[in-house]
Amino acid sequence: MASASKKTSACPHHGGSLPPPKLVSAAPDTVAVWSDADDQRASKVSLESVIRPVDSFPDNTAKKPANKGISVMPRTETKHPLDPLSAAEISVAVATVRAAGANPEVRDGMRFIEVASVEPDKQVVALADAYFFPPFQPSLLPRTKSGPVIPMKLPPRRARLVVYNQKSNETSVWIVALSEVHAVTRGGHHRGRVVSSQVIPDVQPPMDAAEYAECEAIVKDFPPFIEAMKRRGIEDMDLVMVDPWCVGYHSEADAPSRRLAKPLIYCRTDSDSPMENGYARPVEGIYVLVDMQNMVVIEFEDRKFVPLPPPDPLRNYTPGESRGGVDRSDVKPLQIIQPEGPSFRVRGYFVEWQKWNFRIGFTPREGLVIHSVAYVDGSRGRRPVAHRLSFVEMVVPYGDPNEPHYRKNAFDAGEDGLGKNAHSLKKGCDCLGSIKYFDAHFTNFTGGVETIENCVCLHEEDHGILWKHQDWRTGLAEVRRSRRLTVSFLCTVANYEYGFYWHFYQDGKIEAEVKLTGILSLGALQPGETRKYGTTIAPGLYAPVHQHFFIARMDMSVDCKPAEAFNQVVEVNVRVDERGENNVHNNAFYAEEKLLKSEAVAMRDCDPLSARHWIVRNTRTVNRTGQLTGYKLVPGSNCLPLARPEAKFLRRAAFLKHNLWVTRYAPDEKFPGGEFPNQNPRAGEGLATWVKQNRSLEESDVVLWYVFGITHVPRLEDWPVMPVEHIGFTLMPHGFFNCSPAVDVPPNPCELETKESEVKEVVAPKALQTGLLSKL
């Protein structure tokens, strides 16, 4: 794949008629010095000897300052405020909290659920991007008559820790200021300070993999469980798989005063085959309730004897086991070659690709986060599109009312964590081409630091034709290949795999995509039994119907600087004109817009019959036709929950009742079901409660919450491992540009030697002569 070269736009109006911004000479330039308390009380110091007005900022990697422009300011910051926490920072945060424990018993009971960076106020992010980190963008800050207030340093980075005390069954949230954290190779100078701590009553934090492993061990050692397995012909406990599931909230018995799990049981056929598909033999009829705080089985009942399904000969998916061990022999290598390397540039977590730029983040709960998305648009400069993009929750409700399937209602982000379950990706398998990987650092349950190497993949993909036109009169044609930049990660939650992707396109589109694969969650059947709530996969084995819902949170900033809040949301429906004088041919239809003025009216559902979509517009920026600039949310395939409104899981997942929610930005509103959905007894917490404030959305800082899902009626072709299912949505420019931003994409060199490059047709052998055929 050839690398793209830079060209000016072919559209004379692209970029608009506004003149490029000029930096105004600051009269009394000042420096804001941040105190330890991180307030913005500034001591003012003359900057005449340090800074002077400039037209551009040099790269901080340059050894010598440019002749024209700003002298390189002394900067001690090595990490951007939006960068994920490093391993050293996590260690400091954990050590600081542990040292702050009231007594040894409290410190010994601390278990660390999550340690993540505290994302600062948007104004702090703007300061960092303007003056501390290349490509230095002072235009991000609003101009004032007195000139910019330029800090000598940024406030300290902060960590937020969710801590579960296993001895007291309490959950607490801590904020730690990471005043100085340097690598050990630089002297090991580590320092943190507790800013705040708070015990959160009546909640349970997400479960941890260490808890799941311990739960499996204690269940397999529980004598009544061993006897129940013997009743089913299983005496080797090494064959048994115990998958702990959070109990959700169905009644007061599930209250968060206890930390509970109800495991699902499976059984392999061969303990010497670690890659055997153990999910092919579910064990039903055994009820187990585990106290995860004290790690004891508190309820057990062998309720119903259901024979184990016989081993399915098609259950395995490894090369030596699938289809008799015979793989396809006609698959030839397909290589992605970029002889000049990729077209993207990476500086830390900052990514530039053609006209796009953004920052990559990662959290234990959400996984991949995309920050500060902007498009560099000619003379109009850097134009923001979104402040923050991420997948904040997913819910998987099952449709079988029988035990144990009715309680399968997983909140995979809020109960487990998408980021904590991420994969270490492999080149050539998970991603192809010239790849940049990013590692992710987490705390484990006891406070140690673990690293998932190659957790996030950044690479370019060819995506077919971008645009083409051939003049039928002259036969002359112009065609451009489409290329997209993809940022992705994959995670495993029990039996399912999910891939989360953000695609950036040359025509200004952003596509969010989820790829679903993995293994079905199955149930066992009695001999001769069938169920209407699922699909029979093999003798004695069936897959219940279920749904997957994903919630994307999009903090939009269309043409808005960090301090601005000039966005609004309109809904567009295509209407059919009534019969009459204006529609004598009965062919008329038109697009009708409706402004979503407040949160109460901004709870919306998809409507494919009216081609419904939503546009986020800037109320103070126009394109060359005088229309407001905007980006529109275009739904893909979608659905709503098929459970009745009284379903118990909807108490915690009220946000599933609509496909779109729009709220006014509030920094503490991050998760649609509240921060702690595990065993949450409070109905409608999160989005459904926030929108009751009915805040105005007219010219504000808006956040889109898009809920999209898929209804999975399993089929035999989903067994033993599911081919990838695709689902997602698109953010598309709508009047944001003055013409197509893709017209300046250079043409690819067409292959001229077609005779050598084209695939040769297979020539069939000549038919044998009749006489020879009769002899054979």
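Cβ coordinates come from backbone N, Cα and C, glycine included.
As written in Swiss-Prot, here are the features:
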- 410-421, 493-498: substrate binding site (BINDING)
- D412: active site, proton acceptor (ACT_SITE)
- C431-C457: disulfide bond (DISULFID)
- Y496: 2',4',5'-topaquinone (MOD_RES)
- H546, H548, H712: Cu cation binding site (BINDING)
- D555, D701: Mn(2+) binding site (BINDING)
For this session: Note the Cβ centroid of H546, H548, H712, the recorded Cu cation site, then list each other residue of that chain whose Cβ lies within 8 Å of it, in sequence.
Result: V396, Y398, L516, V545, Q547, I710, T711
For this session: Round to the nearest Å and give the CA-to-CA distance linking A413 (substrate binding site) with H548 (Cu cation binding site).
Result: 13
Seminar exercise, completed: Within 10 Å, the Cβ with the most other Cβ atoms among the recorded positions D412, D416, D555, D701 is that of D416
For this session: Using G419 (substrate binding site) as the reference point, find which of the recorded positions C431, C457, H712 has the shortest Cα-to-Cα distance to it.
Result: C457
Problem set entry | C431 (disulfide bond) CB neighbourhood, other CB atoms within 10 A | 22
Exercise. Could you state the CA-to-CA distance between V493 (substrate binding site) and H546 (Cu cation binding site) to the nearest Å?
Worked result: 16
Exercise. Taking each of the recorded positions A410, A413, C457, V493 in turn and counting other Cβ atoms within 10 Å of its Cβ, which one has the fewest?
Worked result: V493
For this session: Could you find out if DSSP has D416 (substrate binding site) as helix, strand or coil?
Result: helix
Exercise. Taking only the recorded positions C431, H548, D701, which one has a CA atom nearest to the CA atom of A410 (substrate binding site)?
Worked result: H548
Exercise. C-alpha of H712 (Cu cation binding site) to C-alpha of Y496 (substrate binding site): distance in Å?
Worked result: 13
Seminar exercise, completed: Excluding its own, the Cβ atoms lying within 10 Å of the Cβ of G419 (substrate binding site) add up to 25
For this session: Can you figure out which of D412, C431, Y496, H546 (the recorded positions) comes closest in space to D555 (Mn(2+) binding site), comparing Cα atoms?
Result: D412
Exercise. Going by C-alpha positions, which of the recorded positions (D412, C431, C457, D701) is nearest H546 (Cu cation binding site)?
Worked result: D412
Problem set entry | Cα-to-Cα gap, Y496 (substrate binding site) vs D412 (active site, proton acceptor), nearest whole Å | 10
Seminar exercise, completed: Students should find that the Cα atoms of C431 (disulfide bond) and D416 (substrate binding site) sit apart, in Å rounded to an integer, by 25
